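Heads up, the thing below is written out as structure tokens.
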Amino acid sequence: MTSPGTWSRFDGFVDAAVVFVVVALVEWELVVADLLSDEGTPVGVRLVWASYPVLDAVLIGLVVAVTVCTRSLQPAPLYVALGAALWLVSDLVMALVVDADGLTPLLDVGWLVGGLLLAAAAWSPLTPPRASDARPVDRVRMGIVLSALLVAPVLEVVAWLGGADTDPLSMLAATVVLLVLVHVRADRLLRAQAELHEVIRSRARYSEALAAHSSDAVVVLDEQGRLTRDAPLFAALAHDPRAAVAGADVLSLTSGQDGEEARAAFERALLAPGRVVTSELRGRVRDGQQAWLGVRLVNLLADPDVRGVVVTIADVTDRRRAEEDLAHQAFHDSLTGLPNRALFDDRVTQALHRAARSGIEPAVLYVDLDGFKTVNDTLGHPAGDQLLREVADRLRWATRTGDTVSRLGGDEFAILVERGHDPAEDAAAMAHRLLEALAVPVPIDGEPVRVSGSVGIALGDGQATAASLLRDADIAMYRSKQAGKSCATVFQPHMRSAVLERMRLQTDLVDALAAEQFRLVYQPVVALSDGRVVGFEALLRWDHPTLGAVPPGTFVPIAEDSGLIEPIGRWVLGEAARTAAGWQRAHPSPVPLTMAVNVSARQISSGLLTDQVVAVLAETGVDPSSLLLEITETVLVEDPERAAECLRQLHARGVRLAIDDFGTGWSSLSYLRQFEVDVLKIDRSFIASITDPDEAPDIVHGLVELGRTLGLEIIAEGVETELQRDRLRAERCDLVQGYLFSRPLERADADALLRQQQPAAALPVPAAPLDDRVTVPGS
């Protein structure tokens with residue numbers, strides 16, 4: 001297939017040939033014929049003189065071809081055309097004027113300037129022609145070709161008027177050549193026109209195919225918003241057959257707010273020709289969901305080929321749904337579908353703004369599940385997720401329409417209560433409903449699972465923010481946990497100071513160990529059979545640099561919650577073992593002196609306790625049987641499998657185990673068998689109930705008998721009176737500790753006690769407040 005550039009060059013050569021024939025015919029009649037017929041001049045000279053105008057004609061033809069065939073005229077062809085024209089005129093004057101000697105200087109100038117112009121053309125930059133630069137056939141080119149047929153008749157008329165004769169053969173030959181060239185040019189014109197029509201039809205079919213198989217619809221509207229032609233694809237997108245017919249008023253097919261938006265967008269397009277106007281409009285409901293159409297309008301009324309407003313319509317329903325899903329995910333919890341903290345904060349802020357106008361303050365309830373970690377750890381995360389979804393459903397059921405239930409994260413939820421006459425009363429009633437709803441067991445995998453909730457309530461006070469309300473409700477929730485869980489507490493301002501103090505202590509605890517602010521005191525454990533000290537319990541004390549002595553009951557729970565109890569517990573274990581090793585070497589006995597150390601739940605759950613104990617025993621050389629690790633009953637319940645494995649490993653290495661505060665928690669005979677404990681410690685609250693010298697309370701008697709039946713050593717804590725001592729001796733209790741014998745001692749004082757103790761000699765001491773001695777995990 002011949003390229004368009006090749007045909008364009010061919011057309012240019014045809015046009016050049018036409019110009020050459022015309023110029024050559026004129027030159028023949030005016031000059032060349034006479035020059036060649038002059039027999040008085042040598043043939044060689046005649047041929048040379050005749051060649052000048054002929055070559056000029058060739059040059060002019062080529063210049064005309066280059067000039068008329070390109071859209072942009074470059075300097076080089078222009079210089080060639082002017083130079084050739086000067087040479088042609090000079091040559092014709094030289095040949096036609098009889099006495100041209102007087103014109104010689106002017107002719108020399110013409111030849112010289114013509115040569116300079118040709119030289120300038122050679123030095124001028126010439127850009128290679130491109131297909132896009134080809135000039136289409138227009139009136140100028142056709143005029144050049146067709147007017148050439150008039151040259152021969154015009155020459156005949158001029159010669160006839162001047163009484164001169166013309167060469168009929170040259171006229172005939174030139175006319176025949178011109179007719180052939182014009183015929184070729186006309187044939188090429190017809191072929192080019194057919195090719196252009198085919199290109200136009202191909203492009204039209206291409207555009208129609210794209211439009212027919214495109215997901216977008218393109219329509220053209222007139223100034224009134226009516227379709228200028230049928231638009232079946234637009235009707236399919238809009239799901240409205242009325243939009244398929246030319247003349248349909250597209251703007252009238254929309255209604256309501258979107259109809260106003262559609263008209264507004266159309267008017268903006270009319271006011272800004274050529275500017276793109278975009279909008280998104282609601283379409284008809286499909287498959288139960290709202291459809292959306294994206295429209296793009298461009299005013300091309302001034303374009304003669306369009307004369308309308310071009311509107312591109314696309315179905316953007318999927319994108320809008322994806323955006324809505326992303327927005328929902330950004331502000332909702334993926335597990336429960338409840339609003340998340342960000343959305344809850346926003347709604348609380350809006351509620352506070354409304355309260356500033358109405359005077360009715362909102363309330364926030366903070367709910368934390370009790371026992372969720374146990375469910376998550378024992379039954380697995382899928383069960384925990386199922387539990388959270390069920391709790392979310394129950395919270396929705398317990399709240400009113402218009403209240404906001406949110407999941408803040410983990411097992412924590414929050415509820416915004418507003419639009420009531422008395423938010424405080426409404427919040428209290430709602431808290432009651434929540435606790436009742438949570439009290440019902442949740443069936444998981446066919447088994448009922450019981451959890452409860454601790455609720456904190458915070459009320460707006462005119463100065464509250466979303467963050468402060470949530471913080472105060474959180475503080476009140478922790479008070480509910482401290483009060484025994486499964487209850488609700490209303491925030492009071494004094495609670496905030498307690499939280500600030502707790503935060504300060506937690507911050508100071510971080511550096512307390514490195515700053516050597518901790519120390520151990522040792523409370524003797526006495527054998528009732530002879531009154532001798534057989535061991536000690538290591539108790540932790542914190543000497544704060546500014547607050548002084550901080551009670552263990554204050555800082556140990558903070559250390560437990562923050563995880564600092566693990567490094568503190570390691571230090572307590574190592575320090576107590578080194579002290580025990582020193583006493584055992586200084587005061588040898590057939591039965592080594594024992595050292596009891598409290599172990600926290602976090603130490604057991606960390607999985608590192610066994611390695612730490614083994615390392616300490618290896619470092620200090622303490623007999624494993626003289627190390628007594630005390631655990632509380634709650635440690636056994638929170639993660640019984642992990643606790644059992646850890647304690648079995650310790651027991652296998654000879655370390656003795658004790659259940660501390662036995663009888664106050666979740667104890668059962670199965671736990672005593674499962675964990676292979678060696679010592680059972682009776683809680684001081686039961687010892688304090690001994691007031692009858694002749695009979696021990698049933699609980700004390702039962703615990704002692706239980707320990708003896710299971711072969712466990714019994715230690716009674718908190719013995720304060722001789723009556724309690726005597727009654728425990730009558731019950732055949734093995735060991736006791738308490739202020740009747742000694743308060744917790746510094747290391748030097750305990751060492752002195754060991755040096756001076758006598759067989760069966762108890763150490764009477766002044767009575768002390770019962771709350772001065774606090775035993776907690778890790779202390």
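Backbone N, Cα and C atoms are what each Cβ position is placed from, and that goes for glycine too.
What TrEMBL says about this one:
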TRANSMEM  12-30  transmembrane segment
TRANSMEM  50-69  transmembrane segment
TRANSMEM  76-97  transmembrane segment
TRANSMEM  109-128  transmembrane segment
TRANSMEM  140-162  transmembrane segment
DOMAIN    277-328  domain 'PAC'
DOMAIN    360-493  domain 'GGDEF'
DOMAIN    502-758  domain 'EAL'
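Packing against the transmembrane segment (109-128) from elsewhere in the chain are residues 74-77, 79-80, 82-87, 89-90: each is 6 or more residues past its ends and has a CB under 8 Å from a CB in it. Broken down by DSSP into helix, strand and coil, the domain 'GGDEF' (360-493) contains 61 helix, 37 strand, 36 coil. Helix, strand and coil residue tallies for the domain 'PAC' (277-328), in that order: 12 helix, 25 strand, 15 coil [DSSP].
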